[in-house]
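Report on the following structure.
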Amino acid sequence: MSAPSREEESKEDERDEEANRLLEEAGAASSSSLGEDVAYEAGEKILVADFDFDTVDDATVPPFSWKKLWLFTGPGFLMSIAFLDPGNLEGDLQSGAIAGYSLLWLLMWATSMGLLIQLLSARVGVATGRHLAELCRDEYPHWARLVLWFMAELALIGADIQEVIGSAIAIQILSRGFFPLWAGVLITASDCFFFLFLENYGVRKLEAAFAVLIGVMGLSFAWMFADARPNGQELLMGILVPRLSSKTIRQAVGVVGCVIMPHNVFLHSALVQSRKVDPKKKGRVQEALNYYSIESSAALSISFMINLFVTTVFAKGFYGTKQAKHIGLVNAGQYLEQKYGGGVFPILYIWGIGLLAAGQSSTITGTYAGQFIMGGFLNLRLKKWMRALITRSFAIVPTIIVAIVFNRSEASLDILNEWLNVLQSMQIPFALIPLLTLVSKEQVMGTFRVGPVLERVAWTVAGLIIVINGYLLLDFFISEVNGILLGLLACSCTTAYIAFIVYLVSQSGILPSAWVKRLPKGFSSTGN
């Protein structure tokens with residue numbers, strides 16, 4: 001028998017490679033259906049093809065392409081919705097009404113800090129091919145991962161209540177009071193499933209729907225901004241010159257606290273996986289990170305402008321007035337109508353449309369985040385509609401109760417919002433510390449772990465955010481907790497809360513080894 005020719009050997013090698021590739025894809029598909037939960041199935045991911053460059057070397061980053069940037073555009077804008085939810089809008093209007101233009105610089109820097117955290121979240125998702133909740137499941141012992149999941153769910157429920165109530169208030173405004181608050185909650189819940197249904201037609205269709213909602217917000221609040229005609233010089237001074245007084249500390253803390261949403265940190269690491277990027281190819285990973293950095297920066301620049309519009313409208317209309325301390329999400333539209341009048345298109349309805357777009361979009365991303373959090377921490381293999389139903393029920397049932405109980409007065413809804421802000425603030429360390437722990441570990445990130453300088457900057461930013469929110473918690477509990485029993489309960493909960501934070505920090509590798517050795521035995525143990 002004659003030996004096979006080189007051409008025949010080459011063809012045989014190609015067939016073997018093709019067979020191996022098909023087997024790998026089949027194995028990935030079967031493992032996603034039978035094994036671990038995944039953010040996106042293989043068939044759902046968007047293929048980003050090379051238009052201008054076909055690299056042989058996997059370590060080489062292809063040159064910039066506008067077409068590729070367009071294909072990577074989407075996840076950052078979905079992430080940016082959390083910077084525009086009704087809770088943020090309420091923080092904006094109260095900041096403007098009470099502090100005027102003086103905190104615009106803080107809004108800009110808080111958005112920049114938020115961008116850094118979200119870029120790190122995207123980095124984890126792209127470099128590992130897994131999202132933050134999945135990685136936490138492997139990183140921490142069973143008890144710790146359950147606590148982290150519980151805390152993430154609490155944060156999500158708190159955010160969802162604010163978002164759904166915001167949508168319900170907008171529906172009440174636009175219907176001239178025809179729909180009560182609880183009816184608006186039910187409408188918002190059903191709308192959420194309609195938008196999630198769009199995902200069945202592809203990720204790009206869902207992203208397009210979010211682009212429309214962001215556009216509606218931008219147009220609505222830009223219209224209000226144009227109607228208000230704020231002072232350009234004062235606005236520029238507010239952005240460029242840092243100012244802070246003892247009277248505006250609470251608003252300053254609120255501005256920073258609203259920017260980092262715990263569920264959003266988990267969400268972004270999953271959203272970036274909607275594009276097909278092979279984590280084993282360093283050039284492709286770096287390319288994806290470059291495009292996601294550009295897209296996320298653009299998205300948060302737009303969110304900053306929208307927040308700026310809202311802040312300046314209320315700064316121009318209500319700063320220094322008697323009404324400033326009484327403006328909230330519920331009565332903001334009425335105050336705007338009294339101040340700026342009806343016009344061709346009443347400002348009350350412009351505000352209502354913008355608020356509705358903010359509430360609807362943030363509610364959908366909250367449900368989306370809930371699916372990833374539940375699936376990642378618990379490794380549940382459920383159909384998406386079932387997971388969406390469970391996630392929605394976690395938030396909608398308490399929200400309906402809240403809507404019925406707190407619909408008696410505007411003051412009661414404001415009190416509720418304060419409690420929800422505190423709940424969100426409490427959960428921030430349980431998203432930031434695991435993120436910074438994982439993004440700094442070479443065994444998790446490989447060559448894409450952050451360098452020592454960026455690691456220090458990120459921990460400094462995280463520490464600053466945690467301290468600022470800690471101030472909010474302390475201020476709130478000092479003013480609200482009365483009585484010996486409540487005081488003892490608050491002290492016990494605070495001790496357990498701080499102990500868990502210390503445990504997470506001890507696992508991060510940021511502390512000197514000598515410090516970790518001095519901690520109790522349970523604090524320095526890792527593993528599943």
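For all residues, glycine too, the Cβ spot is worked out from N, Cα and C.
Pulled from TrEMBL:
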REGION    1-34  region 'Disordered'
COMPBIAS  1-24  compositional bias 'Basic and acidic residues'
COMPBIAS  25-34  compositional bias 'Low complexity'
TRANSMEM  104-126  transmembrane segment
TRANSMEM  146-171  transmembrane segment
TRANSMEM  177-196  transmembrane segment
TRANSMEM  208-226  transmembrane segment
TRANSMEM  298-319  transmembrane segment
TRANSMEM  340-358  transmembrane segment
TRANSMEM  364-382  transmembrane segment
TRANSMEM  389-407  transmembrane segment
TRANSMEM  457-478  transmembrane segment
TRANSMEM  484-505  transmembrane segment
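Among the stretches 146-171, 457-478, 484-505, the one making the largest number of Cβ pairs under 8 Å with the transmembrane segment (364-382) is 146-171. Within the chain, the transmembrane segment (208-226) has long-range Cβ neighbours (under 8 A, six or more residues past its boundaries) at 77-78, 80-81, 84, 195, 198, 302, 305-306, 309-310, 312-313, 336, 345, 347, 350-351, 353-354, 357-358, 360-361, 364-365. Taking every recorded stretch in 104-126, 177-196, 340-358, 484-505 and counting its Cβ pairs under 8 Å to the transmembrane segment (457-478), the highest total belongs to 104-126. Here the transmembrane segment (340-358) has Cβ contacts under 8 Å with residues 81, 84-86, 88-89, 166-167, 169-171, 173-174, 213-214, 216-217, 220-221, 223-224, 227-228, 317, 329, 332-334 of the same chain, all six or more residues outside its ends.
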